[in-house]
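Okay, so here's the structure we're looking at.
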Amino acid sequence: MGEMKSMQMGVIGALFLSVASSVSIVICNKALMTNLGFPFATTLTSWHLMVTYCTLHVAYKLNFFENKPIDTKTVVLFGLLNGISIGLLNLSLGFNSIGFYQMTKLAIIPFTVLLETLFLNKKFSRKIKFSLFLLLVGVGIASITDLQLNFVGSVLSLLAIATTCVGQILTNTIQKRLNVTSTQLLYQSAPFQAAILFVSGPFVDKYLTRLNVFSFHYSPIVVGFITLSCLIAVSVNFSTFLVIGKTSPVTYQVLGHLKTCLVLAFGYTLLHDPFTPRNIAGILIAVLGMLLYSYFCSVASKSKQGSSESSFIGKDRDTTPLLSQEKENHEAKKLDKHSPV
């Protein structure tokens, strides 16, 4: 019972850390890119991952965690896949309208459900599917303003959805099947994610912004915000792997849409972004969907736990007489052995 409570507290802590760090980095990056004119998102992400790796390396040297070797091919492919998915999401934003980009992000949940159903035989109840539908409708109402389609943008969006879904499913699967922690997996994969983005980032950013990251004027305040963004990113990257490992890719995406609603609310209260009744209605519908999803998942988890406990008790009842009988037989043999002939 105590172990179950400890696990629940761990999940709650991971969810809180993910929300707090993600909302913080969005606000920081918005100030950096909008107010200070630093538009190089892909290159900035590569710096995030490099700082994350360096921080984890220091933590490893100080014995904060043990490093568990993972098959090199698995780590390299996993790291490259995650790096490519980040680059494709940024390209999708560059080639599509903001509305279509939001649609791309919304499509990640149903695609993840589809992939887990087809390839991992995972089952989602109708109630959970309904709650996810409500969530997607709410976020769509709150965040999608315009939809402009083009062929290249649509292809990039499909590739971004596919790589993101597979990457997040693998994040969960690798941790559970290879019995590694989120810290161990992030520590070994971060260099490969950073490498592909560090190489491709300047080219992607130059294509999207028509500006060169190396010729940008780095004032002290810009450097300060970049440093702050990189430090917050350590928490974002760590909590991402932690949440997906402790819960599921779908739950992580649901959490991501909660962050979207919080960012919209913070944008209105702190940055005075325009806010309409449509935004409010969408956020309320999305929050209802999240609450229902959490409730249905909790009910399903408790019923699964109850069935596993009852089966364990049944097994215990079946095996107790056998163990007692074996013990009695063993004692009888000992008496026979030591008794005089």
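Glycine is treated like the rest: Cβ placed from N, Cα and C.
TrEMBL tags one of the stretches 74-93, 94-113 as transmembrane segment, and that stretch is 74-93. Your range for transmembrane segment, going by TrEMBL and the list 22-40, 155-173, is 155-173. The transmembrane segment (185-204) and the transmembrane segment (74-93) are in contact, since at least 3 Cβ pairs between them lie under 8 Å (pairs 6 or more apart in sequence). The transmembrane segment (74-93) shares the most Cβ pairs under 8 Å with 155-173, out of the stretches 44-62, 132-149, 155-173, 216-238, 250-268. The recorded stretches the transmembrane segment (44-62) and the transmembrane segment (155-173) do not share 3+ CB pairs below 8 A when only pairs 6 or more apart in sequence are counted, and are therefore not in contact.
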